[in-house]
Amino acid sequence: MSLFQNVSTLITDVHYAIGLSFILLAIPSLYRIYFHPLSHVPGPWFAKVSPLFLWIICYLGIEGRVIRSYHEKCKTKVLRVAPNSLSISDSSAIYPIYIASGGFEKDVRYANFNLGPFVSIFSAIDTEYRDARAKAVAPLFSQARLRAACETNGVIKESVAEFVQKFQAYRAAASSKENGVVKVDMLDLAARLSIDVVTGYLLNERYGGLHENDSLPIATQIKKKLSANAFIFAIIGFSRFSLLPKRIFSLAYSLSNRLASNEEVDRSAALVHQFAEGVVKRSVGMSASEIDDSYQGRLMAFGVPPHEAVAQSEGIIFAGADSVSVTLSTILFHLVQKPAIHTCLLNEIVTDYQDRSKDPETLPYLRAVVKEGLRLCMANPTRYTRVVPDGGITVASVYIPPKTVVGCAAYTMHHDEEVFPRPFEFLPERWLEDGGDEGLRKPAMQRSMLAFGAGLRGCIGKNLAQRQLYESVVAVVESNVLEGARTVQERIEIIEWFNAEIKGHKLEIEWP
């Protein structure tokens, strides 16, 4: 009899334990849904209960599209995406969050973007730390210096010319079906140009992406990828974990590296490190004028030790080589798919750009093409997260209390149908004053653009990136290298991590 009593007691205890566990789990969930300071903000219930939803869509690379769909489903400009995190799709919030008085502080998530033990200009949460280093290198991004680099014998001018020559050689091989070559990867070509521009312009020594395979047969050159690609893709991939708390991030990142480690990534990272290390070593003992003329020189003059300057140089190589190549190849992809746009652009260049001392940004249609490319490309498609300061903020009539993590995402802002009708189409005409809406939408369009972030903490390389895009698009269109081409992919699909990644790592074209 006692045995049955013991079993009965045990079962009862288990039931009590299960019930107690359920209550302990339910209490914080109920609090977050009904009593939390953000309980009044719309959003899916599972996002209110746990950050797991946000972590999962970030990991899967679908964060942008999922959050945009919930903004539409919940019919709100302010959406709760985690217990203490909001997505904002109201462009009027960009100014107070990112621009006014330097913008809100970055949240702890950015520590996950540090360069190992070193804090970069991008990942710095401490405003004074970031601003001091940004000030040290800011003169390198001046418009006057960039214009000089685009003149004859300037590093941007020379790199773009070599890029077009390489493109033409690849086209000739693909058109003749030489050794079975029929396709050319514009993304890889653009990456080669971008890494040479960013290193040649900022580090005063080109990586050599455009010429690293010159000794090989043309068919082999076309098939081989940029040696730095695996390094770049590995960094992009780690951002899938970037929303995790620091300890969990470190564990997940370490485990992922062990499971996904391969010789190609290790070899690629070693090549980039070797290049950066060599550049820094050759910079030690430079003259004052040479120091002023390079990114690593200015950092070391500021007080950054050489071993950190190596890491910072690797960071700038990644930042410059990745985002600009994705944007440039996206623009060229759409020019191939829409020959009429290519023709209009060529006519404008031939007619209105005879004086090459003129800034190419003054060409209206070219400017519209580049802006539309930046809008659709979204090199950083997800939220630039910030922390609401004391006093809170009101957005779209919704009060947001202090210490809430908030952010606007390019994916949501750039695909707002009220601002950009037919948002998933490449329509440069939308940016022209004589467009269908007579330019009435332009202020809202300009305000909604987040291609380079916003405010003082936006992309420090914005001017360099834009200059490369304008010079490259002009040179490619003038060369007619895209004439008669067609895209292999029907459309561009991106993985929406913090840095966008084009699925398959390629954008191929062919000449039938």
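Glycine residues also receive a Cβ, built from the backbone N, Cα and C atoms like all the rest.
TrEMBL annotations: computationally assigned, not manually curated.
Taken from TrEMBL, the feature transmembrane segment covers 14-33 (among others).
Taken from TrEMBL, the feature transmembrane segment covers 45-62 (among others).
Within the same chain, residues 51, 54-55, 58-61, 109, 112-113, 188, 191-192, 195, 207, 209, 212, 252-253, 256, 260, 264-265, 267-269, 271-272, 317-318, 321-322, 497-499, 501, 505 sit at least 6 positions outside the transmembrane segment (226-244) and bring their C-beta atoms closer than 8 Å to a C-beta of that stretch. The transmembrane segment annotation in TrEMBL covers 226-244 (among others).
Residue environment of CYS459 (heme binding site) contains 19 other Cβ atoms, counted within 10 Å of its Cβ in all protein chains. Taken residue by residue with DSSP, CYS459 (heme binding site) is part of neither helix nor strand, so it is coil. The annotation heme binding site is assigned in TrEMBL to CYS459.
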